[in-house]
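In Swiss-Prot this protein carries:
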type   : residues : note
REGION : 1-224    : region 'Sufficient for interaction with PIC8'
REGION : 1-98     : region 'Sufficient for interaction with HCR1 and TIF32'
DOMAIN : 37-124   : domain 'RRM'
REPEAT : 191-229  : repeat 'WD 1'
REPEAT : 230-293  : repeat 'WD 2'
REPEAT : 301-339  : repeat 'WD 3'
REPEAT : 342-384  : repeat 'WD 4'
REPEAT : 513-555  : repeat 'WD 6'
REPEAT : 566-604  : repeat 'WD 7'
Amino acid sequence: MSLTEAEYHELEKQVNLDDIDFSDLEEQYEVDVGLDNYVVVDGAPIAPEAKVPVLIKVLKKLFNTVGKVVEGDEGIYMPLEDGKSKGYLFVQFETSEMAEAAIKQLHGKKLDQKHRLLVNRLSDIEKYGVEGNVAAEFVEPELPPFKSHGYLKSWLQDPQGRDQIALHHSETFGVFWNKKKSDPEPVFEPRKFFTSKYAKFSPKGTYLFSIHPQGVQSWGGADFSSIDKFMHNQVRLVDFSPNEKYMVTLSPLPITAPDSAAERAVFPFGPESYGHKLVIWDLTTGEPARTFALPPHLEGQKEMPWPLVKWSHDDKYCARQGPGALAVYETPSFQLLDKKLIKIDDIVDFEWAPAGVHLANNKSENGHHLLSYWTPESSNQTARVAVMQIPTRQILRTVNLFQVSDCKMHWQSEGKLLCVKVDRHTKSGKTIFTNLEFFKTTEKDIPVEKLELKEIVINFAWEPKSERFVIISRLDDGNLNSAIPKNIIDFYAPDVNGKGKSATSVYKSYKTITDKHSNTVFWSPKGRYVVVATISRSNGEIEFFDVSFDDSNKNAPANVKLLKNDKFSGMTNISWDPSGRFVATWSSSWLHTIENGYKLYEFTGNLLRDDSIDQFKEFIWRPRPASLLNSADRKKVRANLREYSAQFEESDAMEADAALRELIYARRRALEDWKAYRAKHASKAVKANEVQAEIIEEIKEEIIEEKEEIVE
């Protein structure tokens, strides 16, 4: 039965289509009209129409590396105008996930020297390109109000001159005032999950940094308020320039663009940083100053050499090592010095001088920037150690070495001396022994003194601002039984012969201690006192030495005396406080769970505290900046040292005994009350006894001589 046209229209009027559910049909025949699988690409080369097919073929091959481009003409559309391409194109992938991968991996990709591709979602272009979605006139962003963090070096104003320490145990982290034998005093309430890995002070103590999955957080001021955030996903390692201007972070994950446009708007990295893992941050602005990809030979390594970026003493230069070359950058531009690498075949390692060096033939007020490096032996050349001046790249001194197994470079704190520890092997290769090569950088032509040893040196440490040093060595006799103590401790100092310009010096061991397990050396930052320790899970030991014990003999270069020693099973770390007054040792749960906790000693070895703390991780002294006192100020302090010592001894006694502290405070209050009472009543007594004075002038005559004469 068929309906006439009139009957159909009548029936249509009777049926309400809004009451009919078409959802099943709509779902069955749904058509995808979304744009999520489309991307728009800017920055492509502008090519003549005849070469467009070739360009499309090249680009399609590139985009197929991250997904699958739709086949045919629909896959890539490149608009033309006036017989040439317009520099952008549209790419359609089979899925939105492929388009997302293209944005993350190819945004910022350099196609050649002149062209960098910018890949974005087509939906974002539509969103921001539609009229009305973006304001026609520029609206100046509102700057957030300035937030003061207080005086960032406020801890230096402590009346008692105390140092601050950071204690990290389990998931709790806190900063405290060191109170010697007493419990540390919290600077702020210790916090749980303050950091997800570890925390670190900047080299001069201005900032405290915590590590998180999202990046690094900086803290500072009297109450350690939040200062800045540095976004670097899954950051693992952190380092700083000596003057706290820059921070270096490393993550195992390459930098990629965030998913959303809103996140990309606040993302600190540009397309040129995508794929990089190493970031140098400007701590003043909080922005990245430069990013780097890891060298190919470091990709995939389980143990990463650190730091990857090394700094000159004044933050003026930084350098990083690559295969067969050294890259030196100038700050703050972080451009290559002279726009080229320093070619050094097979370079193994390098170190900057830790201070400006005053060369004998080229005086400079602030000293010169020097760095040292070494290269290994090859079939046609010997191993080589060289000292180079920056920025001239001039090689100032070279020493050729043979039968070399390894080298370690140790700069003296003032840059006046460089010791190169050269581990050499016999011709058979069965025995290792050490030579020490001393470069005297401030003397004419940088002479080199050699110290030949029969043993292999396992630890070397310079005394700060001195020419003395300590080494730990052992004889390489093939006996690998670690239970037998066979390490040797030697205390060296220069033995000077002659006077004036004709004087010569050679290094001489002034004390030797044999049959030890000791394996580490830690000098006081102020010199003279040194800790020699055995860091071991089972037989930890620490010994305190004074290398200038007999002050009566001023001409003796060294006079070594053992002050004290102590046992600490499971000891993993040792650290001096910045003032050289205290030494902290601790057992970290990061390495084992044996007797976790810390011990605090005076510089003479007297034990002050012994705290066993479950899951104790780390003890950190807060560093101090260099002293502002000049030589005259220091001389004045030394002259009044007895007076200052009495004040500090009284303060120490008060801290140690609460009852004594209250007694001293009570006596001080009573003395102040007496002084106030006396001043008040003495003035009253003067007023009560005041009498109106009258000045009377009285002339007295005295006969000195009487003489009688007769006048005729």
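Residue numbering: from 1, along the chain as shown.
Cβ from N, Cα, C; glycine included.
Within the chain, the repeat 'WD 1' (191-229) has long-range Cβ neighbours (under 8 A, six or more residues past its boundaries) at 149-155, 164, 166, 168, 171-175, 235-236, 238, 240-244, 247, 249, 283, 286, 578, 617-618, 620, 622-626. Long-range contacts of the repeat 'WD 4' (342-384) within the same chain, counting only residues at least 6 positions beyond its ends with a Cβ under 8 Å from a Cβ of the stretch, are 242, 310-314, 316-317, 319, 321, 324-328, 390-391, 393, 396, 398-404, 407, 409, 411, 413-416, 418, 420, 439, 441-445. Same-chain residues lying 6+ beyond the ends of the repeat 'WD 3' (301-339) with a Cβ under 8 Å from its Cβ atoms: 237, 239, 241-243, 245-246, 248, 250, 278, 280, 282, 289-290, 292, 295, 345-347, 349-356, 366, 369, 371, 373, 390-391, 393, 415. Per DSSP, the domain 'RRM' (37-124) is made up of 29 helix, 25 strand, 34 coil.
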